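A.B. asks: Here's a structure for you.
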Amino acid sequence: MAAELSMGPELPTSPLAMEYVNDFDLLKFDVKKEPLGRAERPGRPCTRLQPAGSVSSTPLSTPCSSVPSSPSFSPTEQKTHLEDLYWMASNYQQMNPEALNLTPEDAVEALIGSHPVPQPLQSFDGFRSAHHHHHHHHPHPHHGYPGAGVTHDELGPHAHPHHHHHHQASPPPSSAASPAQQLPTSHPGPGPHAAAAATAAGSNGSVEDRFSDDQLVSMSVRELNRHLRGFTKDEVIRLKQKRRTLKNRGYAQSCRYKRVQQKHHLENEKTQLIQQVEQLKQEVSRLARERDAYKVKCEKLANSGFREAGSTSDSPSSPEFFL
């Protein structure tokens, strides 16, 4: 039977081989079941192991019979589909034969390849993936079975294929720990922005010496931010505080200057108004003197004319005579 199982991955197509596979009966393989109480009690390690290069048709009578035996070949032989199906059927009967309703005839049909894989096999694949996931979270669940002291090296390279596959997929602890050890050294120096800022500060000197007071006051905020690219945050904050102080000082000086100018303007206007008032007063006094002079003259003329009219009223040459 080992010679038949050592065939290549391609199944034979000759009628003789197909007839042999059809006559192959898996019902004669019985599995010895251990009671539940004995399965829960820790047992001693197995003393009898399956010899390499042979396929076990019946479970061993040792305490390891609760663990389904797997076919193991020499390292040079390639694992075939027959080995997968045999291990899958044996593991399925050991775990729970009534759970998926899988019969040996289904395994034979899947082996022949004339029909697609039945639904119970697909269900078993899901159950096996869940079983692998359970073993992933609990890496030592088989310690409760008898003969749990047997290591992976004693059982051979094909004893637990799913565990072997899982260990190949997972990275080794040394490789997982090496990035963590390299993390502190991944950033040996400051970032590129800090380096650029240090270079700009070292080449151009202090940022306060780069701009004059007039430039800081007259420069807009957007233009200042464009010139401050590459400097450190402390230098930018200090320069903006200086700019704010200069602008406040300039605003205060401007207000003071405006107040002084307004004061001078008001004083000049006051002086001019006082002078105008004095001029108006002088003009009023002059007009008052002229008024008085004209009044005196008018009175004199009135008195002199009355006397002349009284003396010439009877003569015919006077105007009043003809009237």
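Each Cβ is built from the backbone N, Cα and C atoms, and glycine gets one as well.
Under the heading SUMO cross-link, Swiss-Prot lists LYS32, LYS297. Look at Swiss-Prot and you will find 34-78, 116-209 tagged as region 'Disordered'. Annotation comment: Swiss-Prot describes 34-43 as compositional bias 'Basic and acidic residues'. Annotation source Swiss-Prot lists compositional bias 'Low complexity' at 54-76, 175-203. Among the features that Swiss-Prot reports, compositional bias 'Basic residues' is placed at 129-143, 159-168. Among the features that Swiss-Prot reports, region 'Basic motif' is placed at 238-263. The domain 'bZIP' feature in Swiss-Prot is assigned to 238-301; the stated evidence is sequence analysis. The annotation region 'Leucine-zipper' is assigned in Swiss-Prot to 266-287.
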A.B. asks: Within 10 Å of the Cβ of LYS297 (SUMO cross-link), how many other Cβ atoms are there?
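C.D. replies: So the number of other Cβ atoms within 10 Å of LYS297 (SUMO cross-link) is 10.
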A.B. asks: Taking only the residues in the region 'Leucine-zipper' (266-287), give me the average pLDDT of this model.
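C.D. replies: That stretch averages a pLDDT of 96.
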A.B. asks: Could you give the number of helix, strand and coil residues in the region 'Leucine-zipper' (266-287) as assigned by DSSP?
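C.D. replies: The region 'Leucine-zipper' (266-287) comes out at 22 helix, 0 strand, 0 coil.
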